[in-house]
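Student: Pasting in a structure now, in structure tokens, and then I'll have a few things to ask.
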């Protein structure tokens, strides 16, 4: 690449300009309804990065990896919500032997704070059409942000009297909330806030300035993980059964303050079958004995909530839609080994209107329409072979390759990584 640039640009300053704007930001995005195994890809890619970021969400999104990489910086985003749970997470990291966290973790001063009464609002917001939230107070925290009542870390570490004044105003609002929310005595919350102020102060920074400064330098490699997944995006997901943030690639810009031109490769993570937690349409959902078998083999229980996940066949319509929004560079196909012992495996490749017989060109926006679609499947023979020990693509059984190539064909994106077990080394890298 450098040789081509030198041939095209004779003036040295032009060469430097071209190199300096080359994107060094990689993004990992879930392509389904979450729980695809993004942590494994993040863990693998982070070994070659200087900075790892979350661009949105809060402690409603669990991340499970085998090992932490001990030499990285971590940057929490501008619209990430945090609370006392962060203290316990930091304690856990320290107990695991991760050192010097204060000097390696950077949290945006624009981050919004989750208070206990937000979680109570979440708990009390129930009805016959549950949205399937994690009840961690994330929705009410985002609602406070949008209504401009929310308090941010910049308030907490700033003028204490002004913070107390803003906080009391927020408490008064929730004391008169229609749900009769219980709010702890103000002096108790302010006492814990004083502790939080001291705890977070060393880690709080203007991360918009920091991340752009790092991204501008050619030698700084940045990895960003979008929490949750595309189909849970507040704008592009299966509304209203979604989360409260933008968890597609656009969240990188709105959450971290990076310009779109800074973003380089975007990797989509796809589970070899589909899972979903909570309510909402799930066209390829399985039931009965087959569903229970898939849940058991895949150990499909939420990292954060412990809830049993709904399961179904891989839905290529969903992945194509996610690709439309995120423009994936490549896919990581995870948990393929879970399908080792099935006689046949299916992929949903199209939706049909059951009344007219017409094929939908893309994912319907209406949740009611999505509930009623008829799925067209392509069926593949199972390979009935243990693939967990295989590390080279050429060594995979032909029936496995047939399935992977069908995923590429039906989803419109090449597969680069294939997960064949839960360990860090249980991965196959497929050349393009």
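For all residues, glycine too, the Cβ spot is worked out from N, Cα and C.
Remember, TrEMBL labels are computer predictions, not curated facts.
Per TrEMBL, the features are:
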- 35: active site, proton acceptor (ACT_SITE)
- 145: active site (ACT_SITE)
- 34, 35, 36, 37, 38, 39, 40, 309, 335, 336, 337, 419, 420, 421: GTP binding site (BINDING)
- 35, 36, 37, 38, 134, 148, 228, 243, 307: IMP binding site (BINDING)
- 35, 62: Mg(2+) binding site (BINDING)
- 303, 304, 305, 306, 307, 308, 309: substrate binding site (BINDING)
- 63-88: transmembrane segment (TRANSMEM)
- 179-201: transmembrane segment (TRANSMEM)
Student: Sort out the sequence-distant neighbours of residue 420 (GTP binding site) for me: same chain, 6+ apart, CB within less than 8 Å of its CB, listed by position.
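Tutor: Expected: 336, 337, 387, 388, 390, 426, 427, 428.
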Student: Specify the nearest of the binding-site residues 36, 40, 228, 308 to the residue listed as 'active site', where nearness means the distance between Cα atoms.
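Tutor: Among 36, 40, 228, 308, 228.
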Student: Any idea which of the binding-site residues 38, 40, 308, 309, 335 has the thinnest Cβ neighbourhood at 10 Å?
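Tutor: Among the binding-site residues 38, 40, 308, 309, 335, the sparsest Cβ neighbourhood within 10 Å belongs to 308.
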Student: Determine, to the nearest whole angstrom, how far the Cα atom of residue 307 (IMP binding site) is from the Cα atom of residue 335 (GTP binding site).
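Tutor: Computed Cα spacing between residue 307 (IMP binding site) and residue 335 (GTP binding site) is 19 Å.
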Student: Among the recorded positions 145, 307, whose Cβ has the fewest other Cβ atoms within 10 Å?
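Tutor: Counting other Cβ atoms within 10 Å of each of the recorded positions 145, 307, the minimum falls on 307.
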Student: Have a look at the binding-site residues 306, 308, 309, 335 and say which one has the shortest Cα distance to residue 37 (IMP binding site).
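Tutor: Of the binding-site residues 306, 308, 309, 335, 335 has its Cα closest to that of residue 37 (IMP binding site).
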Student: How many other Cβ atoms are found within 10 Å of the Cβ atom of residue 306 (substrate binding site), counting all protein chains shown?
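Tutor: Step by step: centre on the Cβ of residue 306 (substrate binding site), count other Cβ atoms within 10 Å, giving 8.
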Student: Compared by Cα position, which of the recorded positions 35, 36, 40, 228, 335 is the closest one to residue 306 (substrate binding site)?
Tutor: 35
Student: Rank the recorded positions 35, 36, 337 by how many other Cβ atoms lie within 10 Å of each Cβ and give me the one with the fewest.
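Tutor: Minimum Cβ neighbour count within 10 Å, taken over the recorded positions 35, 36, 337, occurs at 337.
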Student: Between any two of 34, 35, 36, 37, 38, 39, 40, 309, 335, 336, 337, 419, 420, 421, the residues recorded as binding GTP, what is the biggest Cα to Cα distance in Å?
Tutor: 20
Student: Going by C-alpha positions, which of the recorded positions (35, 308, 309) is nearest residue 335 (GTP binding site)?
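Tutor: Considering only the listed recorded positions, the nearest one is 35.
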Student: Helix, strand or coil by DSSP: which one applies to residue 309 (substrate binding site)?
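Tutor: SS state of residue 309 (substrate binding site) = coil.
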